[in-house]
């Protein structure tokens, strides 16, 4: 039977009713494509492709959907974005949820409604997972976004000069590229819960109303793909930390070192807490009792005076010890305190944002009280303070090696201000005040943006300075425990070989056992000319390029303000020189490594 005969055996199709013809004439290309796919799917499933089904399924508008993106450094932005997505789905809105590390930056051009929750790192830079999108939007290949509606929630820390800078930058750039705001940007501080909840409620109400105007059919409730779920880490979390015991506190810098770095071991037995190399440990701490007494004496407040803190009525001394931030000054504190001090100099400082930021960075809260005395009630003073927040430390152990323990590498923050010795809140608690077998409240903070390759045969290059070596100890422990075939290369820097070689004997043993294949050390103060890790990177350009050609993953951990930037500049020089690419090509190559998760950074 010929093809012509086969065609003639089918009965003729009835003509389309006028109302269907009218509807079809108004469809654009995207709607025609959708309709074609829908009809084909219906026919393939054995459903009738007749007109009644077509009439029922025919859309009168594009499906109303929202993309919710997060760019997180410590997990807070991800958590807020997850809740926002859940809230929108509960309102019957179709949601596409993604972390920026899993999102193709070029897809931004096709978005119609976008919510972005982003933190800020370093000196106002976007989180690592947002770098590629940030560069695209600010580069010469930036797409037009005139069909996009958006809203941005920024998370930050007001004690830093560039508060919520990443959120502000994205918000501004979206508008410059033609996008329209759904809602004004919100900048949330460390105690972000109330601001984030209000933003989520407002955007959900707005989008629900817009969806109704578009007569969109509410989307069915859907379970997000398994890959987007946060893996359970046991019942303990930031809000309900595990009361762990301190096993060991060992100073691992020499007596003559300018640094005080501690190797901390904590017992997780009975917690069911699990972590992976690259994760961080959240540590809740109490302030120094001596600092609490100093502050109360300066203010003339009776330690037994009761105030509200953490939903309880507590003596102010207890409240300041466990519920309020006392070691990190903020612009909000200085501005709030200035009227009580009634001092012209402090008023001038508070009125000039640039001067204020410098003052906040250099002057602890207690020293503000010393320099500008004032009398406040206990409630008034507490009202100027932020809630105490846990500190996050890169985990320096692998559970494959240490079992129910977790190890940290903690640099104790110590300095003098106007002759008075000061120490960091959490680092001082761990280094000085927490006794062996004492209790420390902890939780695991996942960091999926800083992971070993899934293929353990892939080589890795680890670049860090100071306590930035911490996660690399965990990496090599894990690779050794798995007897991984992949080569490991450590590039580490610190001031002095004799005083600051963190975990020296362990690195030597790893090398002897065949799990540290290459190593380069930069001791910046051991010779007249300062040598840093970026110098070692340039020195080893040909070798690094060869490892990259073999599929190596590069990891950087340490200071975001200077070290990480200098390392990236050195890597670009390697790509230009050894890879024979121009500057633009080198940038694109590094962006490709980022998107392939072969260039990951944990910087702070």
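From the backbone N, Cα and C atoms, a Cβ is placed for every residue, glycine too.
What Swiss-Prot annotates here:
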- 72-77, 119-122, 155-164: FMN binding site (BINDING)
- 327, 361, 391, 392, 393, 394, 409, 410, 411, 424, 425, 426, 427, 604: FAD binding site (BINDING)
- 524, 525, 530, 531, 532, 533, 534, 566: NADP(+) binding site (BINDING)
- 66-204: domain 'Flavodoxin-like' (DOMAIN)
- 239-453: domain 'FAD-binding FR-type' (DOMAIN)
Study note, to complete from the structure: Check: min Cα-Cα distance from residue 391 (FAD binding site) over binding-site residues 75, 163, 525, 530 goes to 75
Practice item. Report the mean pLDDT of the predicted model across the domain 'FAD-binding FR-type' (239-453), rounded to a whole number. Key: 97
Study note, to complete from the structure: Same chain, |i - j| six or more, Cβ under 8 Å of residue 531 (NADP(+) binding site); the result in sequence order is 493, 522, 523, 524
Revision key, fill the gap. The correct three-state DSSP answer for residue 393 (FAD binding site) is strand
Exercise for review: Select the closest residue to residue 532 (NADP(+) binding site) from the following binding-site residues, measuring between CA atoms: 409, 425, 427.
Suggested key: 409
Practice item. Give the distance between the Cα atoms of residue 163 (FMN binding site) and residue 327 (FAD binding site), rounded to the nearest whole Å. Key: 18
Exercise for review: Mind checking which of 72, 327, 534 has the fewest other CB atoms within 10 A of its CB? They're the binding-site residues.
Suggested key: 327
Revision key, fill the gap. Other C-beta atoms within 10 angstroms of the C-beta of residue 524 (NADP(+) binding site) total 17
Study note, to complete from the structure: The rounded CA-CA distance in Å from residue 425 (FAD binding site) to residue 533 (NADP(+) binding site) is 29
Point to revise | Fewest other Cβ within 10 angstroms of its own Cβ, chosen from the binding-site residues 163, 393, 532 | key: 532
Exercise for review: Given the binding-site residues 75, 157, 327, 411, 427, state which is nearest to residue 533 (NADP(+) binding site) when distance is taken between Cα atoms.
Suggested key: 411
